[in-house]
Amino acid sequence: MFGKLSLNSIPYHDPIIMITCCVVILVFLVISIIITIAQKWQYLWNEWCCTVDHKKIAKMYIFLAFIMLFRGFADAIMMRMQQFLVSSYHGNGTGFLPPHHYDQIFTAHGVIMIFFVAMPLVIGLMNFVVPLQIGSRDVAFPFLNNLSLWLTIFSALLMNVSLGIGEFAQTGWLAYPPLSELQYSPGVGVDYWIWSLQISGIGTTLTAINFLVTIIKMRSSGMNWFKIPVFTWTSFCTNILIIASFPVLTVSLLLLTLDRYLGFHFFTNDFGGNMMMYVNLIWIWGHPEVYILILPVFGIFSEVVATFSSKELFGYTSLIWATIVITILSFIVWLHHFFTMGASANVNAFFGITTMIISIPTGVKIFNWLFTMYRGNVRINSIMLWTIGFLITFSIGGMAGVLLSLPVIDFSLHNSLFLVAHFHNVIIGGVVFGCFAGITYWFPKLFGFMLSEKWGKRAFWCWFFGFFCAFMPLYALGLMGMTRRLSQNINPQFHSMLTIAALGTILIFIGIVFQIIQIFVSIRDRNLNRDCSGDPWNGRTLEWSTTSPPPFYNFAVLPIVQFRDSFWESKKSFKSNKLPILYTSFHMPKNTKFGFLIGFFAFLLGFSAVWYIFWLFFISFFVIIYLLVIKSLDTNCDYIISIEEIKEIEKCINIKKMD
């Protein structure tokens, strides 16, 4: 009845896992008791679980990302400590993690940081900012937005269930065959990996469709393509990449599923299977994924640099074309991830050259931002510190990437810690720093008060120096010959560098602690740091023309755009920032429970597939189909906001401003 699932599926023998699970269960129980005492279950269900408001959905994406960041960073600390101990002359020769546990940790770390930290951060910021920047009241398909969120949350939950029930994959975050095939990974770890990513990937694809339609069809009157803010432009290109690449991931996972469940031979070593086909397919998705993460971050820095330099963005048109070129080129560089596969010299040369070429439009952006700051009235705060930190770290990571684009060098450095350092250089120095800058920048608009500058700067310096301590030694270790994913028998000569890397990880941890303190201090002092103007940074784009936080309908009157920086131009010409008092009634979407329910049954479907509980699998599948049909037949999905209601809400907002 329960397939492979039994009491033996719980790893009682592993104290680290059991203690972690007990702590998680205890925290969950404490939170549940607090919510019950406060009688907030109904509120959470109606206002958050069922919401279609893009601003609330954005908050939940960002909250999910930070929760998963703690899990992913805990994995990182354990890996660093394991390598530090094993490489020690006098330390524990085997460390504290057995190889099978270490392999699960580095696999989970990669999956969490890409799929459940970086992606939710980027999608959360897109969710909040894009509709406001284009002068829209919501996204094109509010229900899809809610559904995408819950598919992402429940896929993250499914992955975390593997911590206490069964195991996670021991294959690396991309699960290369034949190691991920049933013959070499007969446990449920790879199945957890497949179904978590499959559910999450479907949610991400739906998000991309939603935002493409939103940007194309719901822009303000007068906002043509070259009046769109850069962040929205980069989000547009990102969603094109998602639509083009994520179906490849879906198909790759489906083929691997058929191999494991039905005995097919797409990627096996026998019966005509070809594991290199999988490697090509996964990287046709995987390399655009890097640009899916970094392009919105480029948009964030474009907004930040222009605002805090008090200047129009230098080379707006060249920035847009550079973004488009990167979007196109990102699909013709994937083979540089496996120059050692055995392709011909001509094939390797082609992909090496395209990899070098893609650095050109990226370099254009760097110079655009530098020239924007040049002779500008630059205000240095924590947001600009994240930006300057990005310019330094990302440039180093980019140069390392160009070095790796040379096949002759890649043959020596492939699968070494040099590659790990490069990857973290661009993801942490680029994506993470950028998202922190964006969250700090738009935090007043999101919550109505500003974050503490003092703690924000402290957090930045810990992250900045911690990053260099943690990852610069890995470049040297890679050149010295240390390969990635080692947990045993590490050369003691590497110990000094691994010690510095471990200290850097601790510094980053202190930075995370400072960020937690920053949030608590900011909440405590929120009345002192409240944003009553709606424009705390003297911004340039439309999101700053509404209140902080915006009302649920964003704009009582939809703006009309005449300039590229329309709000900035209106302030320059001494026009009032208040919107005209000429209201009309409009439709707003109703909250819906269907997104949560479909996400929940998708979780059950994935869990039952992992454990071969086929009766539950088919029940979950048909319930999902039933819910989709019922929702598609529902015509009562919106309501009208009357002129009187708008006037009353705007009156209350104005009173709060004066208070």
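From the backbone N, Cα and C atoms, a Cβ is placed for every residue, glycine too.
Quantities reported herein were computed from a predicted structural model and do not represent experimental measurements.
Per Swiss-Prot, the feature topological domain 'Extracellular' maps to 1-14 (among others). The predicted model assigns the topological domain 'Extracellular' (1-14) a mean pLDDT of 89.
Residues 41, 44, 96-97, 101, 163-164 of the same chain lie 6 or more positions beyond the ends of the transmembrane segment (15-35) yet place their CB under 8 Å from a CB of it. The annotation transmembrane segment is assigned in Swiss-Prot to 15-35 (among others).
The annotation topological domain 'Cytoplasmic' is assigned in Swiss-Prot to 36-56 (among others) on the grounds of sequence analysis.
Below 8 angstroms of C-beta separation, residues 48, 51, 105-106, 108-109, 112-113, 116-118, 120-121, 123-128, 145-146, 149, 152-153, 156, 160, 435, 439, 446, 505-506, 508-509, 512 of the same chain, each at least six residues beyond the ends of the transmembrane segment (57-77), sit close to that stretch. Residues or ranges marked as transmembrane segment by Swiss-Prot: 57-77 (among others).
Residues annotated as ubiquinone binding site in Swiss-Prot, with similarity to another entry given as evidence: Arg71, Asp75, His101. Around Asp75 (ubiquinone binding site), taking its Cβ as the centre, 21 other Cβ atoms fall within 10 Å, counting all chains.
Residues or ranges marked as topological domain 'Extracellular' by Swiss-Prot on the basis of sequence analysis: 78-109 (among others).
Taken from Swiss-Prot, the feature heme b binding site applies to His109, Trp173, His424, Arg484, Arg485, supported by similarity to another entry. In sequence order, Gly72, Asp75, Ala76, Met79, Trp173 make up the list of same-chain residues 6 or more apart from His109 (heme b binding site) whose Cβ falls under 8 Å from its Cβ. When secondary structure is read from DSSP and collapsed to three states, His109 (heme b binding site) falls in the helix class.
Among the features that Swiss-Prot reports, transmembrane segment is placed at 110-130 (among others), with the record citing sequence analysis.
The topological domain 'Cytoplasmic' annotation in Swiss-Prot covers 131-148 (among others) and is backed by sequence analysis. Residues in the topological domain 'Cytoplasmic' (131-148) partition by DSSP class (helix H, G, I; strand E, B; coil) as 10 helix, 0 strand, 8 coil.
The transmembrane segment feature in Swiss-Prot is assigned to 149-169 (among others).
Long-range contacts of the topological domain 'Extracellular' (170-192) within its own chain (CB-CB distance under 8 A, at least 6 residues past either end) are made by residues 4, 9, 100, 103-104, 106-107, 109-111, 114, 158-159, 161-162, 256, 259-260, 267-269, 273, 275, 278-279, 282, 286, 485, 609-611. Under the heading topological domain 'Extracellular', Swiss-Prot lists 170-192 (among others).
Per Swiss-Prot, the feature transmembrane segment maps to 193-213 (among others).
Residues 126, 129-131, 133-136, 139-140, 295-296, 298-300, 302-303, 313, 316-317, 319-320, 323, 541-542, 558-564, 566 of the same chain, all 6+ positions outside the topological domain 'Cytoplasmic' (214-235), place their C-beta atoms under 8 angstroms from a C-beta of that stretch. Under the heading topological domain 'Cytoplasmic', Swiss-Prot lists 214-235 (among others).
If you look at the topological domain 'Extracellular' (257-280), the same-chain residues 6 or more away from its ends with a CB under 8 A from one of its CBs are 176-178, 181-183, 190-191, 194, 198, 334-335, 337-338, 341, 609. If you look up Swiss-Prot, you'll see 257-280 (among others) marked as topological domain 'Extracellular'.
The Cu(2+) binding site annotation in Swiss-Prot covers His287, His336, His337 and rests on similarity to another entry. The Cβ of His336 (Cu(2+) binding site) has His287, Phe351, Gly352, Thr355, Leu404, Ser405, Asp410 as same-chain neighbours under 8 Å, each 6 or more residues away in sequence. Under DSSP, His336 (Cu(2+) binding site) is assigned to a helix (H, G or I) in the three-state scheme.
Summarising the annotation, Swiss-Prot assigns Fe(II)-heme o binding site to Tyr291, His414, His422 and lists similarity to another entry as the type of evidence. In this structure, His414 (Fe(II)-heme o binding site) belongs to neither helix nor strand by DSSP; it is coil. Taking the Cβ of His414 (Fe(II)-heme o binding site) as reference, residues of its chain lying under 8 Å away and at least six apart in sequence are, in sequence order, Phe338, Phe339, Thr340.
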For the binding-site residues Trp173, Tyr291, the one whose C-beta sees the most other C-beta atoms within 10 angstroms: Tyr291
The topological domain 'Extracellular' (170-192) resolves under DSSP into 4 helix, 0 strand, 19 coil
In Å, rounded, how far does the Cα of His337 (Cu(2+) binding site) sit from the Cα of Tyr291 (Fe(II)-heme o binding site)? 15
Going along the chain, which residues at least six beyond the ends of the transmembrane segment (149-169) come within the CB cut-off of under 8 Å? 5, 9-11, 17, 20-21, 24, 57, 60-61, 64, 68, 71, 100, 104, 107-108, 111-112, 115-116, 119-120, 123, 175, 180, 185, 187-190, 192-193, 195-200, 202-204, 206, 595-596, 598-600, 602-603, 606-607, 610-611
Chain residues in Cβ proximity to the transmembrane segment (460-480) (below 8 Å; excluding those fewer than six residues from its ends, i.e. six or more beyond): 80, 382, 385-386, 389, 393, 400, 413, 416-422, 424-425, 428-429, 433, 436, 493-494, 497-498, 500-501, 503-511, 514
Looking at the stretches 110-130, 383-403, 500-520, which one shares the most CB pairs under 8 Å with the transmembrane segment (351-371)? 383-403
Find the one among the binding-site residues Tyr291, His422, His424, Arg484 whose C-alpha lies closest to that of His101 (ubiquinone binding site). Arg484
Please determine which of the binding-site residues listed here (Arg71, His422, Arg485) has the lowest count of neighbouring CB atoms within 10 Å. Arg485
